[in-house]
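What follows is a single structure, written as structure tokens, with notes after it.
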């Protein structure tokens with residue numbers, strides 16, 4: 001490639017840890033992306049909770065990165081550059097959606113995405129709320145406006161899940177999907193398994209290490225896993241299921257005795273999100289399950305994730321990895337961007 | 001999609017087990033491919049060792065599939081349809097290269113591919129010989145003629161390897177690759193490990209089950225693994241290494257005692273093909289290695305394969321599966337075809 005390349009103006013909504021990591025990667029790697037993929041990303045605007053910074057010819061990323069994150073950093077940037085914090089307005093070619101996930105309303109992401117689509121912007125979403133609420137509607141709107149939606153960052157991030165189903169298994173019929181899709185609950189179960197901790201103590205350890213949030217409900221009650229299997233199953237089986245179609249059980253009731261009993265038999269307990277064929281119907285569920293020693297998911301330890309695709313033509317394909325950290329999530333958004341525009 | 005679709009004329013070189021499976025899949029699934037991927041494949045010609053059958057408006061697949069495989073089946077088809085066996089000539093839009101692998105000359109695949117490229121045909125290769133001999137040259141020729149080369153079928157087939165590196169890890173820097181890339185030698189080592197067989201007896205078992213060929217040299221001496229890591233490493237690191245750049249050691253010298261010693265410590269022995277960074281230089285090798293219990297490749301059993309990608313941005317990603325059978329290899333060619341032309 002080298003000489004000819006595609007250039008797109010990028011707008012980011014939300015400026016938390018993942019968005020900042022995305023900006024950092026663009027700042028460090030944009031010339032490599034241009035050379036290797038024939039794509040040049042220019043970040044022109046970032047919308048935070050208190051308004052947006054926007055520079056038609058590109059935000060000065062080095063200056064921006066010298067500040068922290070969130071609206072405070074955007075304010076400091078505006079002050080340093082002597083520009084105004086403007087009212088939010090979607091402009092440019094691509095929206096990178098990184099605002100906080102709200103599973104009940106999907107907002108503010110949903111409004112941002114709709115506004116972006118009506119301006120013919122492609123969308124790369126890292127946040128899950130709007131997708132869980134309204135992906136079928138958003139896809140229809142995107143089709144009408146000739147734009148595309150990618151969301152690797154919302155479906156287990158650095159672990160390839162949707163990619164494998166859509167690209168690596170193209171043409172093959174996927175019959176069932178089983179995954180360990182939440183790093184926090186897997187860390188807790190791994191600590192219970194390997195260090196004989198109770199659920200409470202393992203959760204405490206996860207919180208001390210910054211793996212679990214102060215309010216760990218979304219992770220340990222299984223909702224995060226449910227969102228991911230929902231997005232994967234809808235995408236790969238071409239359905240429009242909602243969270244209400246999923247039977248969800250978290251890991252809070254897994255006891256030391258349950259774990260000990262599993263281990264006596266050489267097994268383990270993991271939180272499995274699945275789309276399985278039961279009596280000829282695909283059934284979605286999230287629940288703690290016994291994993292036997294010969295299951296490749298056995299080796300998904302700590303904050304790692306893993307997924308199994310059962311197919312008619314290619315047998316069973318397992319993918320493991322994607323340790324949960326913000327850089328991995330940002331890298332998933334970068335991947336989506338390069339795959340949309342590479343030469 | 002549904003109404004509008006892309007149609008391409010397909011020519012196949014070689015009509016062995018994998019090619020026949022490819023024809024079977026097209027025959028069974030072509031309408032599903034058209035509906036789901038907006039692509040319709042019409043097989044117009046098949047070249048065997050004694051000439052070709054060619055029908056401008058598409059070969060009658062049901063009739064063809066009623067015969068066996070190889071030149072004999074092509075002859076029977078010609079007789080039944082009252083057409084001539086013609087001198088081989090590359091025609092159409094896409095070449096599916098399935099002729100027998102010859103690692104020394106790359107022929108006849110190499111000549112077929114060059115002829116196809118000069119006629120602006122895209123190439124999907126299942127056979128390895130020509131790619132191992134001349135992929136850089138073929139790629140250059142393809143660039144000049146505006147055509148594309150895909151070869152999932154030659155790089156561990158149903159196990160996604162190149163796909164993951166190029167697509168699922170787009171933008172991330174791969175630092176090292178380690179893989180169990182040969183199903184036959186992995187079956188032998190698994191039998192040695194689980195059933196305490198000697199190499200000789202495990203090989204005999206593999207031959208009895210039709211897993212190892214009468215002449216198992218390519219598999220057990222490590223050459224098949226070497227070809228795959230060569231194609232992967234050249235593709236993903238943008239290099240032009242040859243087989244001579246790889247240190248290759250097979251599994252014939254792995255003894256019962258070696259295996260027992262590994263197992264005492266909870267480890268296992270696998271044939272690992274790797275591209276690792278040693279003193280800052282990527283070094284390619286194939287050799288039997290100790291695999292520790294925490295390595296996700298530990299669970300690659302029997303004829304399965306597995307691969308680890310170490311990356312800067314996404315951590316370590318492991319993919320396991322792709323049980324070795326002709327349907328999986330044919331499915332890999334179908335995948336490449338759909339990814340080239342999908343709507």
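A Cβ is built for glycine as well, from the same backbone N, Cα and C atoms used for every other residue.
Keep in mind that what you see is a predicted model, and the values were worked out from it rather than measured.
Within the domain 'Aspartate/homoserine dehydrogenase NAD-binding' (A:14-151), the DSSP-based counts of helix, strand and coil residues read 64 helix, 25 strand, 49 coil. Residues annotated as domain 'Aspartate/homoserine dehydrogenase NAD-binding' in TrEMBL: A:14-151.
Listed in sequence order, A:101, A:103, A:154, A:224, A:227, A:228, A:231 are the same-chain residues six or more apart from residue A:128 (NADPH binding site) with CB atoms under 8 A from its CB. Taken from TrEMBL, the feature NADPH binding site applies to A:128.
What TrEMBL lists as domain 'Homoserine dehydrogenase catalytic' is A:160-338.
Positions annotated as L-homoserine binding site by TrEMBL: A:213. Around the Cβ of residue A:213 (L-homoserine binding site), a 10 Å sphere holds 12 further Cβ atoms from the protein chains shown.
Annotation source TrEMBL lists active site, proton donor at A:228. Counting Cβ atoms from all protein chains shown, residue A:228 (active site, proton donor) has 26 others lying within 10 Å of its own Cβ.
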Check the DSSP secondary structure of residue A:228 (active site, proton donor), expressed as helix, strand or coil.
helix
